[in-house]
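Noted in TrEMBL for the protein shown:
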type	residues	note
ACT_SITE	His226	active site, tele-hemiaminal-histidine intermediate
BINDING	Gly62, Ser63, Gly64, His65, Lys113, Asp118	substrate binding site
DOMAIN	11-341	domain 'DhaK'
DOMAIN	381-583	domain 'DhaL'
Amino acid sequence: MAHQGKKLINDPNDVVTEFIEGLVETYPGLQYLDGFPGIKVVLRADVVGTTYDKVAVICGGGSGHEPAHAGFVGEGMLTAAILGDVFASPHVDAILAGIRAVTGPMGCLLIVKNYTGDRLNFGLAAEQAKSEGYKVESVIVGDDCALPPRRGIAGRRGLAGTILVQKVAGAAAAAGLSLTQVLDEAKHASEMVGTMGVALSVCTLPGQVTSDRLGPGKMELGLGIHGEPGAAVTDLQPVDLVVSHVLKQILSKETNYIPISRGNNVVLMVNGLGGTPPMELMIASGKAVLQLQLEHGLAVDRVYTGSFLTSLDMAGFSISLMKADTEILQRLDAPTKAPYWPVGVNGNRPPAKIPVPVPQSGSTRNEEVLIRPQELNEQGYVLEAAIEAGAKEIINLKDKLNEWDGKVGDGDCGSTMFRGATAILEDMTQSYPLNDAAETINEIGASVRRVMGGTSGILYSILFKAAYAKLKESAVITPRQWADALEAAVNAVSKYGGAVAGYRTMLDALIPASNTLKESLDAGQDPLTAFLLSSEAVVSGAEATKNMSAQAGRSSYVSADILSSAPDPGAMAVAAWYRAAAIAVRDKLQN
């Protein structure tokens, strides 16, 4: 169902002019023409057209694609950017004003994305400027590889490859080349680049409702940067498969959109469409580099990853490939003051990145390599059953823990615990010395420390390390030693984590368990009964957190109304593995 999109704006009609005002306040090297609202032109603050002694490079189009194109104004790239309203081509008067403002005796080059409105408006402005005596040339960029070869006059759409063309042209102009030479390099670059995008959502225009055209679990291949339909709608796929499809489409020999063949060198740009986190873009980049090298036999000379030409808040990315030669790489590496051109990319990249080895421990202690015993004693069998049951219960509870944590935290408790439980089960079959309880507890801590990140990971590492230290004090481990080890572990978590009973943390499950275990043993209960009673206490303690106010962790920032909708997920995780372990011990001993 369509719904009103949420935007941090004022009047939807003012978003472009207010964006420009914020942009030039942020970057001292940028300025704008005093022609609002009709003329929206961002230009280099150091350029005066009548005296500018280099070719001016101008690009533009509808807004909503930020940082393109105003964010690429700066020495070594664009001299000016002409902005239309959101997804609307700038009108002729605005383009003409931009030409007049920055064009000197060397003339100007207009870089135009291949959309009918842009071609017409920039074309008419160019003709008018020529009639006024300006030297003007244009290059049309149509790098879209998603749709079949052109039919009629529309041709391929201009996409993120335009940014690479801007950089080549801007560097050529900064080097002092003539207008004809800058035009030739820009045309060459535009013929060497191809782009295809994939979207997980459509975009929301300011002041309008969000379309529901792409339903849950769907993605669209070749979606246009204005939200126009693409080549196909399909089920959401892993990014490996998405990247593979996009690269094959760009490099297709059937369409032959760009002259790239096995053995060539290429430049890769992975461009976010506005609503895609850097993490996902970097994943796509890494997969794209590997596939280009291994499957397509291409050398990847440069990789640019980020949001360059977006579509408001659209979730998705586009991939651009440009055939590289020495001249193109020189232009891409040339310095620029354009604020949104990525830094840190210039220079030759190695064909393969070999990770730096992890520094070895400075400890001189020769650590014994632990392995699983070939035969287990009674303690080993019981310990194995308890560990397996607890880990499997956490694995089964993953989604529920994430659901609770999504309400009161960051939503990853289940996933974090799942990683730990999975590692424990895997390591237990290989390296846990199950006949030695203390060393097994230490190895559980090592498994957890290796795979569990965040606060949960370190707290569990402390928990198991403290328990191990206490168990090592005794040659023979009795139920009383287990109780003492649990108490020591609880105290260590409280000491280093800072929480105590009632803070709505994992301790609100562990403390009742520890207290009940010791009290039951002191009262003369047999060890199994004491363990089961403590497992009931751990569950009650965890469930009671639903009525507690949080005083530690991310939950402490959450309102009481929201906290009351879910128990503490960390405490519930403790209750799950502890109770499952107790039941498994009972079943093992009673068989």
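Easy rule for this one: first residue shown is 1, then count along the chain.
Each Cβ is built from the backbone N, Cα and C atoms, and glycine gets one as well.
Taking the features listed in TrEMBL, we show where each one sits on the structure.
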residue : record                 : contacts (Cβ under 8 Å, 6+ apart)
Gly62   : substrate binding site : Leu83, Gly84, Asp85, Val86, Phe87, Ala88, Ser89, Pro90, Gly117, His226
Ser63   : substrate binding site : Val15, Val16, Phe19, Lys40, Leu83, Gly84, Asp85, Val86, Phe87, Ala88
Gly64   : substrate binding site : Val86, Phe87, Cys203, Leu205, His226, Thr310, Ser311, Leu312
His65   : substrate binding site : Ile225, Leu309, Thr310, Ser311
Lys113  : substrate binding site : Cys59, Gly61, Ile140, Val141, Gly142, Arg157, Gly158, Leu159, Thr162
Asp118  : substrate binding site : Gly60, Gly61, Ser89, Val112, Gly158
Neighbour tally for His226 (active site, tele-hemiaminal-histidine intermediate), based on other Cβ positions within 10 Å of its Cβ: 19
Cβ within 8 Å of the mean position of the Cβ atoms of Gly62, Ser63, Gly64, His65, Lys113, Asp118: remaining residues of the chain near substrate: Gly60, Gly61, Ala68, His69, Leu83, Gly84, Phe87, Ala88, Ser89, Ile225, His226
For substrate: widest Cα to Cα gap among Gly62, Ser63, Gly64, His65, Lys113, Asp118 in Å: 15
